[in-house]
Amino acid sequence: MAPNPRKSHPLLKMVNNSLIDLPTPSNISAWWNFGSLLALCLMTQILTGLLLAMHYTADTTLAFSSVAHTCRNVQYGWLIRNMHANGASFFFICIYMHIGRGFYYGSYLHKETWNTGILLLLTLMATAFVGYVLPWGQMSFWGATVITNMFSAIPYIGQTIVEWAWGGFSVDNPTLTRFFALHFLLPFMIAGLTLIHLTFLHESGSNNPLGIVSNCDKIPFHPYYSLKDILGLTLLLLPLTTMALFSPNLLGDPENFTPANPLVTPPHIKPEWYFLFAYAILRSIPNKLGGVLALAASVLVLFLSPLLHKSKQRTMAFRPLSQLLFWTLVANLLILTWIGSQPVEHPFIIIGQLASTTYFIILLILFPITSALENKMLNF
């Protein structure tokens, strides 16, 4: 019998082991769809981004008008731009859901997969930030100024780092040029990291909602989960295209319809919605260095998840107290997101400080305590 090229060809064999004959737990729910949705988001962003880059000019005098030109004069340029801008929002929705799933079901106990995932999140955040600057609108410019300026809080070398990043003494043409270069490069870095992420995942195999070893009950990825993923893709593309076609500017900032002007500061500088929770944590601390450290900690705290896992059970499926705490954390993050979009005024300041404090308390203190308590209640 002739060998099956799918199983013998060096390249096809890799595809086969990752997407066709991959042994997959039979009970994984729709929460396991977000990995493939993120892959779809990445491919969509790279494709639309490439088409946009063909019409974009990375120069302070031309950037804004080149984006306007793309929307007005390029065939379907408006659609490409709207898909790219809103695709970023859906990318973040998917990655936050994906992280939430990992946290809820104890997937972080696959340490290498979890840690590469956090690196992917950080790279995605960097990509989104530099991309937001490219249209050179008011909020693009001032967002770039405020966020890059945070590095000046680093003792001794901070100011030098900021001026080195800017390529001068303020955000200007060199900054825009290098941000465009970075925005082009980073998605390919994300693609590379994704392969590493998957390599680590396929070492151990997927977790499942029960958190138990499922080696005795695995099914092939294709046709079962390939079909399930296609359903997920259509359900993601539907709201994305709807948004791009009907309300493309819903999540954008109106300030970005005004070209960047270094002489006029917008009344309220804020990043895109997906960074607001971290921005609220940054603002809740009156000290500059303290705020920057809290901002970094808000994401880097995820690295500690495997170390803070004290429960004898892997998932939260049968741990009602931890479930309550988890959804409190979700509500807390939504409050932080709302606070980040509000001006720095009386009720919002104290709410932001309380929400920031509870965010860290829940993650670092309450989760381990609750897990230990549940162990005791179950006589583990």
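From the backbone N, Cα and C atoms, a Cβ is placed for every residue, glycine too.
Residues or ranges marked as heme b b562 binding site in Swiss-Prot (evidence: similarity to another entry): H84, H183. If you look up Swiss-Prot, you'll see H98, H197 marked as heme b b566 binding site, on the strength of similarity to another entry. The annotation ubiquinone binding site is assigned in Swiss-Prot to H202 on the grounds of similarity to another entry. The transmembrane segment annotation in Swiss-Prot covers 34-54, 78-99, 114-134, 179-199, 227-247, 289-309, 321-341, 348-368 and is backed by similarity to another entry.
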Original post:
Between the binding-site residues H84, H183, H202, which lies closest to H98 (heme b b566 binding site), Cα to Cα?
Top reply: H202
Original post:
Hey, would you say the transmembrane segment (289-309) packs against the transmembrane segment (348-368), going by three or more CB pairs under 8 A that are 6+ residues apart?
Top reply: yes
Subject >> Selection from 78-99, 114-134, 179-199, 227-247, 348-368, the stretch that has most Cβ pairs under 8 A to the transmembrane segment (321-341) >> reply: 348-368
Original post:
Hey, how far is H197 (heme b b566 binding site) from H84 (heme b b562 binding site), Cα to Cα, in Å?
Top reply: 24
Original post:
Do the transmembrane segment (179-199) and the transmembrane segment (227-247) share at least 3 Cβ pairs closer than 8 Å, excluding pairs fewer than 6 residues apart in sequence?
Top reply: no
Subject >> Among 78-99, 114-134, 348-368, stretch most in contact with the transmembrane segment (227-247) (C-beta, under 8 angstroms) >> reply: 78-99
Original post:
Where does H98 (heme b b566 binding site) sit by DSSP, helix, strand or coil?
Top reply: helix
Original post:
So what's near the transmembrane segment (348-368) in sequence-distant terms, Cβ-Cβ under 8 Å and 6+ beyond its ends?
Top reply: 280-281, 283-285, 294, 297-298, 301, 304, 308, 310, 322, 325, 328-329, 332-333, 335-336, 339-340, 342
Original post:
Could you tell me the C-alpha distance between H183 (heme b b562 binding site) and H202 (ubiquinone binding site) in angstrom, no decimals?
Top reply: 29
Subject >> Close in space, distant in sequence - the residue listed as 'ubiquinone binding site', Cβ under 8 Å, 6 or more apart >> reply: N17, S18, L22
Original post:
Other than its close neighbours in sequence, what residues sit by the transmembrane segment (78-99), given a CB gap under 8 Å and a spacing of at least six beyond its ends?
Top reply: 31, 34-35, 37-38, 41-42, 44-45, 48-49, 51-52, 67, 70-72, 117, 120-121, 124, 128, 131, 236, 239-241, 243-245, 248, 251-252, 272-274, 302
**OP:** Measuring CB to CB from H84 (heme b b562 binding site), give everything in the same chain under 8 Å that is also at least six residues away in sequence.
**Re:** Q45, T48, G49, L52
